[in-house]
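Report on the following structure.
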Amino acid sequence: MSFHVSSPGASPFGTPTHDRPKPKRQQSQFRPPVAPSPGGYQQSSGYANAGPRSAAYGAPVADSYFPAQSAPTSQPTSQPAMQQYGQYGTDAHVLQQDAGGIAQQMGQMSLDGSAPGPGRRKKDRHAYHQIEQPVAPTQQYNGAPSGQSWNGNATQPQLGASAEQAQWQPTSQPWQSQQLPQATTQMAPLPGMPIQMGGHPGQQQPGMPAGAQAKVNADQIPSVPLSRDLPAEYYKNHIYPTMEQHVPPPVTTPFVSYDQGNASPKYARLTLNRIPNAHDQLMATGLPLGLVLQPLAKQIDGEQAVPVLDFGDAGPPRCRRCRAYINPFMVFSNGGNRMTCNLCGHPNEVPPEYFSPTDPSGIRVDRQDRPELLLGTCEFLVPKEYWSKEPMPMRFLFLIDVSAEAYTRGFLQGICDGIIAALYGDDEEPATNGEHAEGETAPMRSKVPAGAKVGIMTFDREIHFYDVSGSISAPQQLVVSDLEDPFTAISAESLFVDATECRKNVTTLLRQIPNMFANIRHPEPALLPSLQAALSALETSGGKIICSLGGLATYGPGRLNHRDKGERQTDDSDSSKEFLKTEHTGFKKCQADLVKAGVGVDFFLSAPMGGYLDIATIGFLAEKTAGETFYYPNWSYPRDCLRVAKEISHTLQRNQGYAALMKVRCSQGLQVAHYSGNFTQHTFGADLELASVTEDTGMGVTFAYDGKLDTRLDAHFQAALLYTTTSGQRRVRCINVVATVTEQARDSMRFIDQDAVLAIIAKEACSRVPERNLKDIRQNIQDKTIEILAGYRRQLSNSQSSGQLVLPENLKESVMYILGLMKSRALKAGKEPSDRRIAEIRMVKGMGMAELSLYLYPRIIALHTLELEDGFADEHGHLKMPRAVRASFTHMEEGGAYLVDNGQILLLWLHAQVSPNLLEDLFGEGANTLQSLDPNLSALPVLETHLNAQARNILLHLEEQRGSKGLAIQLARQGLDGSEFEFARLLYEDRNGEASNYVDWLVTLHKGVGTELSGQRAKLSTTEDVGHAISSTFSSITGSVPYWG
Ligand SMILES: [Zn+2]
C-alpha cells in the first residue's frame, strides 16, 4: 500500500492572522497546588536521572519506570506526528491499495486487529519509527502570523476600534461576500506529489520479514489525535475571527472566537462553508447541507459576552414577511427608511423608533453603537407577546427515590451528598436559616443561579413533600399516599426556597433523608405519580425536575414491567426495536403535560447490578423535554459518588433556561428539511419545543433546496431561541450564520467542516432509531460515507488509478470517526442491554459538539512518557499538553499508564508491568503494586511529586473540555478490573467483535467507492430496495427530500 499526498493548497490553519489575547484564567488555572516548578524538581528515583529533555518515563535510562526487559523506546508517537504535521497543509490524502495483498501484509504487520487482547506482546510496535520521513510539502500550519496582529483587550475586543475593524468592515453591502473565502491559487483539490510510505531498505527493522513493512503502515492513516493536537497548539496563540477564516477549528479545540458578524462556531457550524447553489451540485458532493447548533454553548475567558439588548415594548425589529430578527446582514437603503431582509429579500419599512440615516455608502450612521448590526450572536429581551406565562426565576425540584434498592446500594446517599455539594460546594460554613445577628457577615451564597429556587421531594410507594422554608425551625414532611390523583401537598412558597437563606433546613434534611428511610425500605418506587405530583408543583411556573431512580418503577399507576422478558439485550433484529421505544400511554401523557408547562426533566438512574429500568420509557420524558439522562449502569458506592456529585452540580449550575422555542430560518431557495435532537415538534415546520435548554444542548438541522441560490449573494441562516433564563428573563438568542454560494460542487468541498458533517450524520442516524433497525442504519452510514468519498473522486479533474482511495483534506479523519460511530454503544452490532443502548442513542442526538467528537473517538494520554514540562503552564500561561495517543492497542506500551477520556468516563489503564516508582509517584507511598490500589479510587490524591501534579493538571484540563458528564477516574488495571473491557472497546482503531479495524475499514470503503464509481451500486439498490429507489427518484424530481431519505 502506498500513500499519496496532493500538492499543497489552502489549509484551514494555513492563514493565521491574529495573536490571541492571553486568557487570564489559564494562567492561574494550571499552577499545581503543591509541586514546585519543573526546573526545581529534584527526586532521587525514577526519571530524575535522565537529561532535561529525555526525562520521560519511557526513556531508556537505568532507573526508568519501564521494567528492565522492556525495549528502549523514544517518544513513540513523535515521528509519525512529524510526518502528519508536514502534511497538514495539503489538500488530499490518497491511499493506494495494492489489491489482494493487503490482508496478507497486514497479517505480517500484526495489524489485522485479531483482537489484541490485554497482555499480548507486540512484536513490531516500534517498527514505524524506522520508516523514512516522507518528503512532505512545507507545512503551513504553524507558519508565522501574517499581517495584522490582534491587540484587542483580553476581555473586551474593541469592536469600535478601527485597526481591527478595517479588515472585516464591509465596504459595500454587508451581505455581499465580505472577507469570505476567495478561492486561492488552486481552484480544485488536485492530488499529486506521491509519497512512498514503504520503508527505506537501509532502515529495516532487524528481525522483520523482508518486505513486511514495505507497504502497509497503519500509522500513516490520518490520525485523529494529531488532527486535534495541532490546532489546539495553534489556537493557544491565535484567535478565531469569524469572518476571515473559512473552516473553524475542530470542536475539541479550546479557542477564543472573535465575533465579526458571523456567529461563533461554538454556537453554530455549517457542514459546508461555501454552499452549492443548487440541489444537483449538493448531491454531487454526497454531503448533507446542515447546521449544527449549540445555542447556549459556554464561552471561555477572552471572549466577549453575548450582549443583551432591550427594545422595550416594541421588541426587536423583525422582517414583516419571514419574521427574521434584525441582524448584521439586513440592508438599509432609501436613506435608512428601508430594511431589506437578508433571508427572504422583503423590503421592510424601518419602524420610526429604529430609524437612523445612512451614510453615502449605505451604512447606518449608528452602526458602531448597535451590537445587533455588528455581531453574529445577540440576545433580545422580549415583551409580553413572547410570553406563554409570566417569566419567573428558575425552580429546580429534586425528586429523590428513597425506595429499598436506592437505599441499600448507597445510591440515595450518593444523591443526597451530591445535592448538598451542588448547592453549597465544599464550603464548610455553619448552616443557618438566615437569622444572622447584626455585624455578622452575610451567609455565603449558594451555588444556585441567582434568583433561582430549589425544592425537595422524595418518593417510594408514597410521595413526600418537604417544607424547608426559613420560617420554620426544622424541616417538615408532608405525605401524599393517593397515587391515583397526586397533588401538591404544600404551597409553592413553602416548597421552593432560596437555598442560601434556608441553608440549615436544606442541609439538615438532605443529611437526614438516608436515615429516615433506612427502616422503611419499600421495594417499589412509584415513579409516574411522583413525576405528576412534581409537575403539578411546577405547572404554573415552569422549571426543572431533577429525578433520581434506583430500580424498576413497579408500583402504582403507570407501573413498568420487565417487558423484554429479562433478556434486556438489543441487537440488529427487528424485535429489538420494540425495546428501544415506548408506547406507554401514562408516560406519553406526562410528557405532553411537561412540555406544555415548560418543565424539563433530568434523570439520574442507577441500576442495581445492571438491572432493567426500562429507560426507553422513563428517558422518553427527558428526551422530549430536552432534558438529560445520567445513567450509572454499574453503580458502585463510594466509587461513583464523586461523579454523581459533579454531574448534579453541573446540572444545577450550568448556563441554562426553560420553556424554550427554537426556529431556524434560511435564505430563499433553501428550506429546513429536518431537525434532529431531543425536543418536541408537533408538526413538520412547527417550532421546536424545548422545555429545558442548557449549554450542553446540541441539535442538527438539515436543509433542502426549493429553488436555486443566487451566487451573487451569500446564503444566510438564522437560529432563534426563545427562552426564559434562570434569573427569570424572557429572551431571544439570535445566531446568524453566513456563507458564500458557488456553482461548483468541488469548490464547496474545499470548505467542509468535518465536525459539523459528523454531527449531522450521527444525529440523523440516531434519529432513525427505532424506526429502522440498527443494521440498516449502519449500512446507511456506510453508504453515505462511500457517496461522499465517491463524490470527491468525481470532482477530481485528473483521473486517478482505481487503486487509490482519496480522502478529502478537510474530511480525512472523518472515516475514523464514522467507524467510531458504528462501534459506539448507540449503534454497534451485537448485543447490548436496551437501557444502555437507548440512553446513548438519545444522548448522541442531544449532545453538544465537543462531547460528541470525544464520544466518537476518545482522547488517550500516556502518563509514563510525559516530558518534564507537560502538564504545566508555559511562559504564556497555557498548559502544555502531551500529544495524544491513537486508540489502538498497538500503541499501548509495556509498563504504560494511560488516561482514556471519551467525554463520558475516564479510565486510567495501567499495564501489568507498570513501574512501582510510577505508581508511588502517582498514588502515594506504599501504593507500589496494582493490587495495592483502591479499586474505588475516583480521584488522584494530592501529592508533592512532579508526576502527580502533572497528572492532576492534565485531568483538570480534560475536565474543562467536557460537556455534561463529570470527570472521575475509573481504574482499569490490566488483568484486575472489569473496566478493562471498556478500555478495549474504546480502542476504536482495532477490530472489535464484528466491527473491523481502521485499515480494513478503509479497504471496505475503497471497494465501495470503486463499486459506486462504476455504477454498480445504483443498479443493486434498484433491485434490492424498490422503496429506496422510488424515494431517490422522488428526490431528484422535487429536490427537497431530507438528507436521510
Ligand atoms: Zn424576511
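A Cβ is built for glycine as well, from the same backbone N, Cα and C atoms used for every other residue.
Whatever TrEMBL says is automated annotation, not expert-curated.
According to TrEMBL, the feature region 'Disordered' maps to 1-58 (among others).
Marked as region 'Disordered' by TrEMBL: 64-83 (among others).
Residues annotated as compositional bias 'Polar residues' in TrEMBL: 70-83 (among others).
Per TrEMBL, region 'Disordered' is recorded for 133-176 (among others).
Residues annotated as compositional bias 'Polar residues' in TrEMBL: 136-159 (among others).
Among the features that TrEMBL reports, compositional bias 'Low complexity' is placed at 165-176.
Taking Cβ pairs closer than 8 Å, the domain 'Zinc finger Sec23/Sec24-type' (316-354) reaches residues 173-175, 261, 309, 362-364, 372-376, 378, 380, 382, 665-668, 714, 716, 718, 720, 732, 734, 736, 738 in its own chain, all 6 or more past its ends. Taken from TrEMBL, the feature domain 'Zinc finger Sec23/Sec24-type' applies to 316-354.
Taken from TrEMBL, the feature domain 'Sec23/Sec24 trunk' applies to 391-649.
DSSP labels the residues of the domain 'Sec23/Sec24 beta-sandwich' (657-741) in these numbers: 0 helix, 55 strand, 30 coil. Taken from TrEMBL, the feature domain 'Sec23/Sec24 beta-sandwich' covers 657-741.
The feature domain 'Sec23/Sec24 helical' is assigned by TrEMBL to 753-853.
Under the heading domain 'Gelsolin-like', TrEMBL lists 880-953. Each residue in the domain 'Gelsolin-like' (880-953) gets a DSSP state, and the totals come to 22 helix, 11 strand, 41 coil.
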Average the pLDDT scores across the domain 'Zinc finger Sec23/Sec24-type' (316-354) and report the rounded value. 97
Mind pulling out the one from 391-649, 753-853, 880-953 with the most Cβ pairs under 8 angstroms to the domain 'Sec23/Sec24 beta-sandwich' (657-741)? 391-649
Mind tallying the domain 'Sec23/Sec24 helical' (753-853) by DSSP state, helix then strand then coil? 67 helix, 7 strand, 27 coil
Where DSSP helix means H, G or I and strand means E or B, what are the helix, strand and coil counts for the domain 'Zinc finger Sec23/Sec24-type' (316-354)? 6 helix, 11 strand, 22 coil
